[in-house]
Structures are given as C-alpha cells and as structure tokens.
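As annotated by TrEMBL, compositional bias 'Polar residues' applies to 407-425. Among the features that TrEMBL reports, domain 'Major facilitator superfamily (MFS) profile' is placed at 1-358. The region 'Disordered' annotation in TrEMBL covers 388-425. Per TrEMBL, the feature transmembrane segment maps to 12-30, 42-63, 69-88, 100-124, 130-149, 170-194, 214-235, 242-265, 334-354.
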Amino acid sequence: MAETFNVTFEKASSVATLMQAGYCSGLLFICPLGDIFPRRPFILGLIAFTATLWIPLCLTTSFPSFAAISFLCGATTVTPQLMLPLVGDLAPPARRASSLAVIVSGLSLGVLLARTLAGVLASFTSWRNIYWFGLGVQWLVFALLYVWMPDYPSKNPDTKFNYFKMPWQIAQLLATEPLLLQAALVAFLHSGIFTSYWTTLSFLLSSPPYEYSSMVIGLFGLIGVVVIVCAPIYSRLIIDRLVPLVSAIMGLVVETVGVVVGTSVGSFNVAGPVVQAIMIDLGGQFTQIAMRSSIYGIQPLARNRVNTAYMVVSFAGQLTGTAVGNRLYAQGGWVYSGACGIAFGGFALIICLVRGPREKGWVGWSGGWTCRREDLALKKSEMATEQALEEAGAVGEGGEDVRRDVQSASASNGGNLTSDGKNQQ
C-alpha cells in the first residue's frame, strides 16, 4: 500500500487507525439509532452504503481520499452491533446466551478468518485484490439479508428522540446502571488481554528463536476456530443454566490461567502461545456472551444504547491493550506484556467479585450467591404443570377444576423451590 500511494510505511499504517476511529464513531453515533428506526431497512441501508462506498477504496489513487473513505467505511460497518440487541429482543431469557453466542461466534470467526485470509493473500497478490474480495463479500451479505431477514418494527416509534442528547444518555446509563458499568469494565479488561496478546504475538513469533514468516504467523489465527464454532453448544449447556456473573468469572479464570501459561513458557516454546490462544478464546467467549446476556435485561426499549455504552468501553479496552502491550513489549519483551495481561485478568476478577449476581446496588452480595438461574426452575415448574395436565386429561367436563388444582400445586412447588433457594442463600 505504501508503494502504491508513494507514502511512508508509517503513513500507510495510519489507515488501520482511521478505520478503528471510524468504527468507534459508528458505535457512538449510529448504533443507538437502532432503538428508533425499523431494523431491516436500517441494516440493509448501512450495508449497501458501505459496499458502495467501498468501491472507491478499490480504485482511488489518492491517499488522502483513501484515508477519508476508510474512516467513513469504518463508521458504517457496525451492523453486527445492531444484530446483537435484536437477538436480545427476540430470544427468551432462558435461551438468550446461546442465541447471542451464534452472533458473537460469527463476529469473532469473521475477524479471525479475515486476518488469516488477508495475511495469506497478501503473500501472493496485491492488496487491491483483498479489497475487491471484501467488496464482493459485502454485496453477498446484502443479498442474503435482503432475501431472508424479516422486518421488525421500531421499538420506540412515538418517542421524541433528540439525537444530540444521545451521547449524554449513554453516559447516564453507565452512571445509573451498576450492572452495565460492571459488565463494561470487565469487557474493557478482557479486550485489553485479547488485543495485547494478538498484537505482541507477531513480535514474538517473528524474532528468535522462532523467526516465522508473516504467513505462518497469520495462520495462528486459526487456532481458536474450533473454540469459537462450539460457542453456541457450551453456551446452551453451561451459560444458559448459570447466572451470567458466574459464567463470566469462569471465563476470566480460564483467560488468566492461559496468560500465565503463555507468559511462562512462550519465550522458548511455541506451545505456550498456542495454549494461551486457545484459553483466551475459550475464556473470552464465556465472558463476552455472559456479560452481554446480562446487560440486555436492562431497559429493554434502549437495548441499542445499552449495547453502545458496553461496546464503547470495550473498544477503549482494545486500544488500551494494544498501546500498553506494545509499550511493555518494547521495554521488557514477552514477559512484560504477559504480566500486563495477568494484571488485567486479576482486576477483572476483582470487579466481578465486589458485586454479586443479584445485587441491586453498586457493591455487595445481597440476594444470595446461588449459581443457578431462577428462571430455569420456573420453566421446569411450567413444564411439569403441562405434563400433569396432559396426564390428568384436563379437558371436557370438570377439566377446568383439574387444571386449577394442578396449577395451584405447581405454584406451591415453585414457591417451595424459591423458598428453599433463599434458605440455601
């Protein structure tokens, strides 16, 4: 790219920074509009606009134009962040985590495969061809969504929405919702762990004793593919059954242990970074999915704004992890940057532990420490009720009396379960 535009390498590398800055702007100023506009035309319009705007990136010979358009494309490529609150709207609470896992897995898999594919293609073809490939993928996504995406009405059609007050409203959410602030801070630290690792990994693997090529380093992105693809499965089996905070703590423990292992042996054995990549991906999926499933219970009519608050803080964590990881690697190598990841993981665990899963305030564990979700007990009670009604044949003459008796017994059992749970707490 630097040769094509006849600019310095440092100036060419600023394109990635501009796209990141554009993405952050899109999170803050475009995503909240999902609470107002109907989702189908809004999402399709953004994809079509981005794909059309992408064409000059494939053709222009002016670097200032290329940089400016890159910023705009970064701002409009936020459609996945509109899909996540939509899933939060549609999925029942008992299945929200596993439903979100499908979207989060697709997003993570796309990032990893794009990084790997771009690294491989760059070794054999021009960077322009990578941009042409990206253009084709965007129009393909548009066509698929145009055919299969249903229409969803606006969540707040009659609301008098002040666009210029939107950033203040998002900041207010962080200042008034303890759960959102806790989840956002955990996301900040998790993102710092993730980006610090992947940024400094290329430095480690390109230097002695490894000295791998850029293509081999790019293939490291494939390590976590299996973990990411399986996310909906373990989300259904584990995260859906536990309160989100417990799943997040489990994920952070796995992440932190992975960083410890990778930092300890990564300087002399490639198994260290491999194990670290697997554990960061696994723990990160647990943490992200659990935290997202918890925040979508906050203010259902403002889920896009809630998601924006969460993602802006998370994105700040990505930038912090990249900057701090690079700085520490320059000062002390792999061990210093790994120590930063361990510290991030420790702070995230502290944030999780100072506020319990049922606490309504900012700090404390009121409401108990039971790990199991209450709505699962209620769901089982409802299923038992339906089964009892079928077995009793509660239809025809006298059926209503039988139905009332069974439902009364079920409610009584549900109350006992709740009471027992409280006694255990």
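Positions of Cβ are set from backbone N, Cα and C atoms, glycine also.
TrEMBL entries are annotated by machine, without manual review.
Keep in mind the model is a prediction, meaning the values are calculated, not measured.
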> the transmembrane segment (130-149) and the transmembrane segment (214-235): do they have three or more Cβ pairs under 8 Å, with pairs 6 or more apart in sequence?
Replying inline: no
> When each of 12-30, 42-63, 69-88, 130-149, 334-354 is checked against the transmembrane segment (100-124) for Cβ pairs under 8 Å, which one has the most?
Replying inline: 69-88
> Counting Cβ pairs under 8 Å to the transmembrane segment (130-149), which of 12-30, 42-63, 69-88, 334-354 comes out on top?
Replying inline: 42-63
>> Does the transmembrane segment (334-354) come close to the transmembrane segment (69-88), meaning at least 3 CB pairs under 8 Å for residues 6 or more apart?
In response: no
> What stretch in 12-30, 170-194, 334-354 has the biggest tally of Cβ pairs under 8 Å against the transmembrane segment (242-265)?
Replying inline: 334-354
> Where else in the chain does the transmembrane segment (334-354) make close Cβ contacts, counting only residues six or more beyond its ends and a cut-off under 8 Å?
Replying inline: 182, 185-186, 189-190, 192-193, 196-197, 200, 204, 245, 248-249, 252-253, 255-256, 259-260, 262-263, 266-267, 287, 321, 324-326, 328, 363
